[in-house]
């Protein structure tokens, strides 16, 4: 059939024939040209067009490499039969327990615990985890078990008891007491004197020692003077022991009567500001009453040095500071 004329050429119009490769229809003349071309394109693998790379050209956007698909992990075989059997055993055990409770008989033993074989057991705590959790847990549990074992070795002794913390005890101060004065466990408690007694109506600070050479003033010696006076006191006690008991009693009675007279006279003649105060059994003058005396640098009770010149009390034993 003759068709229309285009550019002076005559196009023949006939039956359309389909292509064997792509299935499209062509004229017989066009089909001869299309056949080899279509065969090449079919055999050649066509590349996938990446539109994102074309869009990123000429811009600052970096080209992203396509991610490779991860291989799927192999599927583990399902243990549905074992799970089904465990489920049936659990239901039977529950029914048996209910029946035993109703009848009042002996309770049946509990079913054995079921474990997932896919889980990994920790060798330290005997718990089970999946593969990902087991890798993290086993390392942590290993360090913790080693830390606890080392801590137990140091904290327990051979008997298994925890070691007690050592307590700090300061070294006791050595005091040289005269032989006539008995030593006491606590220096802060008042100690009754063996050679002097307190008179009713007279302040306790008025009491003075029999061995005092002054008579009307309390005996206040520093630690260095005490050490020197100790041998003399020991010699006096030896001399006293050589006298008969009857003479010793008479002499003590005479000394007590003379001491009472001197104490009453001194108490009446002394002004109000110059009195002695008794603090914890120790005779000491008030600092406020008479500030003209000499302040010792060491405590008369425990021998501790005063940290400052204006201290009124000892920082170690708490005894009031004396005035010499």
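Heads up, the Cβ atoms here are built off N, Cα and C, so glycines get one too.
Note that this is a predicted model, so its numbers are computed, not measured.
Among the features that Swiss-Prot reports, zinc finger is placed at 15-44 (among others), with the record citing sequence analysis. Remark: secondary structure over the zinc finger (15-44) totals 16 helix, 4 strand, 10 coil, with classes taken from DSSP.
Annotation source Swiss-Prot lists Zn(2+) 1 binding site at 19, 22, 34, 38, citing sequence analysis. For residue 38 (Zn(2+) 1 binding site), the same-chain residues that are 6 or more apart in sequence and have a Cβ closer than 8 Å to its Cβ are 19, 21, 22.
Residues or ranges marked as region 'Disordered' by Swiss-Prot: 43-83 (among others).
If you look up Swiss-Prot, you'll see 48-58 marked as compositional bias 'Basic and acidic residues'.
According to Swiss-Prot, the feature zinc finger maps to 118-147 (among others), an assignment based on sequence analysis. Long-range neighbours of the zinc finger (118-147) within the same chain, counting only residues 6 or more positions beyond its ends whose Cβ lies under 8 Å from a Cβ of the stretch, are 76.
Annotation source Swiss-Prot lists region 'Disordered' at 149-225 (among others).
Under the heading compositional bias 'Low complexity', Swiss-Prot lists 176-187.
If you look up Swiss-Prot, you'll see 188-198 (among others) marked as compositional bias 'Polar residues'.
The compositional bias 'Polar residues' annotation in Swiss-Prot covers 206-223 (among others).
The feature phosphothreonine is assigned by Swiss-Prot to 243.
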Q | For the zinc finger (15-44), sequence-distant contacts whose Cβ falls under 8 Å of one of its Cβ atoms, 6 or more beyond its ends | A | none
Q | Residues flanking the Zn(2+) 1 site, with Cβ no more than 8 Å from the Cβ centroid of 19, 22, 34, 38 and excluding those residues themselves | A | 20, 21, 23, 24, 26, 31, 35, 37, 39
(Q) Highest Cβ count within 10 Å among the binding-site residues 19, 22: which residue is it? (A) 19
Q. When the zinc finger (118-147) is classified with DSSP, how many of its residues are helical, how many are strand and how many are coil?
A. 17 helix, 4 strand, 9 coil
Q: Count the other Cβ atoms sitting within 10 Å of the Cβ of residue 34 (Zn(2+) 1 binding site), across every protein chain shown.
A: 16
